[in-house]
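Trainee: When I checked TrEMBL for this same protein, it listed these features:
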DOMAIN    331-361  domain '4Fe-4S ferredoxin-type'
TRANSMEM  6-22  transmembrane segment
TRANSMEM  34-59  transmembrane segment
TRANSMEM  91-109  transmembrane segment
TRANSMEM  130-149  transmembrane segment
TRANSMEM  155-184  transmembrane segment
TRANSMEM  215-237  transmembrane segment
TRANSMEM  249-273  transmembrane segment
TRANSMEM  371-392  transmembrane segment
Amino acid sequence: MSTIESITLVLALVYSISLLYWSKQKWGAALCGALLMAALVISLHWPLFVGLGLSLLLLPLFNKFQPALAQGGVVNGQRVKGNKANQLKEMIRHALALSMMLVGIQFAINAALLKAEITPWLVRPDIGDAFLPIAGGIELKAILGLGLWDQNHPAAAVMLVVVLLTGLLCKRAFCGWACPLGLAGDYLYSLRKRFIKQELAPPAWLDWILRMIKYLLLAALVLLVFTMPLASIPHYLDGYYHKVADLKMALFFLSPTAISLMCFSLILAIAAWKRQGFCRYICPYGALLGLVSFLSPFKIRRTTEQCLIEGKGMKCDKCTRACPANIIVHTQTTIRSDECQACMNCISACPKKEALHFSTRWGMVMSYRGLTVLVLMLLFMIPLWAYVGGFWHSETPTEIRMMLIQHLNSIGH
Ligand code: SF4
Ligand code: SF4
């Protein structure tokens, strides 16, 4: 685990624990604190202790600014003055995007040094394997079918499990609260709205057809993993292609062909055209989370007796108008949609605080703080324990990567 990863990880975990503590969940905070300390002591990895020291110094700041730090979110292209849920969500999204940017820089420096045949003084960030979902799927198949753990990109399988768990527990909260690509899409969309004010929403039939694209892409990826014979997986995991799958992925984006350039342009155009266009139409991860999220016990639920419509006989559709995913909230009692990102914009917009909740059918309500803590714990505590257990760090020797990066173009499956 690299120094940047370690420090980011401990800062995020201490912040989550402090949120739990300030939300009066003292036992939860104590348990999470104990898990964190145990992982630190077992690992004895010095950057984790630097992160701990730094976060202890920052604790008074966390307290002073919890949780209202950032500006409000982007709703229908307008940057709105934020309420607490939006502020916290935007802060988390920006902090995670910033840390991913640092990871990208670290990865690029490491790769450039390898290419120049200089032993890297900056280690490869293992978290970059989160961008290898196919490798993660193949690794999971190897773990489940053969009991075999990959030694080259083990973090890919760990991060796939983390993302699936977020979907299973709290809808597509990963898309709404963590994904840096979704944030980039939001900025692109608001930039477009500055110059072209119209919404340009597609008709419902076209929207439905476009939404199916991401499921087709997901089906193609799942088919790829499922049709790979189990017996051939050890050979694949030990092959040159898998050892440099991260570098091949980087090369794909850095030296695009004419066709991939056209695809990128189309993706950017879709993201600028429609709010959450990339997540809604293209992203196979979004499709996977959309499917898994049907199983999530937590959903947006409307208590009709409290709602202004049934309770007071008034007209109201503020929740629907606030929804960035175009879900009709004000006529439903439970939002089961695969597009719901648990962003809580509808709850924030509702004038009757008891009318809308993110809750289970048996009445357990999750606040925006609770959701933040859950998402951060899943995103950081599981990788920390994977690291402690030896299921995180790549064991590919630097010399092998240095040799392979010189022949990247000729390495195939
Ligand atoms: S239904 Fe509510 S939580 Fe779900 S996407 Fe719409 S605004 Fe966000
Ligand atoms: S915003 Fe609140 S009160 Fe208005 S329709 Fe939605 S749930 Fe009911």
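Using the three backbone atoms N, Cα and C, a Cβ is placed for every residue, glycine included.
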Trainee: How about the transmembrane segment (34-59) and the transmembrane segment (215-237): do they have 3 or more C-beta pairs under 8 A, pairs 6 or more apart in sequence?
Mentor: no
Trainee: Which one of these stretches, 130-149, 155-184, 249-273, has the most C-beta pairs shorter than 8 Å to the transmembrane segment (215-237)?
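Mentor: Between the stretches 130-149, 155-184, 249-273, 130-149 has the largest tally.
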Trainee: Any chance you could find the range in 6-22, 91-109, 130-149, 249-273 with the most Cβ pairs under 8 Å to the transmembrane segment (155-184)?
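Mentor: Selected stretch: 130-149, with the most Cβ pairs under 8 Å.
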Trainee: Six or more residues out from either end of the transmembrane segment (6-22), which same-chain residues have a Cβ under 8 Å from its Cβ atoms?
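Mentor: 28-29, 32-33, 36, 40, 45, 47-48, 50-52, 54-56, 58-59, 62-63, 66-67, 95, 99, 102, 369, 372-373, 376-377, 379-381, 383-384.
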Trainee: I need to check the long-range neighbours of the transmembrane segment (91-109): which residues 6 or more away from its ends have a CB within less than 8 Å of a CB in the stretch?
Mentor: 2, 4-5, 8, 12, 67, 69-70, 120, 122-125, 127-128, 177-180, 182-184, 246, 250, 372, 375-376, 379
Trainee: In terms of Cβ proximity under 8 Å, which residues at least six beyond the ends of the domain '4Fe-4S ferredoxin-type' (331-361) contact it?
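Mentor: For the domain '4Fe-4S ferredoxin-type' (331-361), the list is 73, 75, 83, 85-86, 89, 170-173, 175-177, 182, 211, 276, 279-280, 290-291, 293-294, 297-304, 306-308, 311, 316, 318-325, 367-368, 371.
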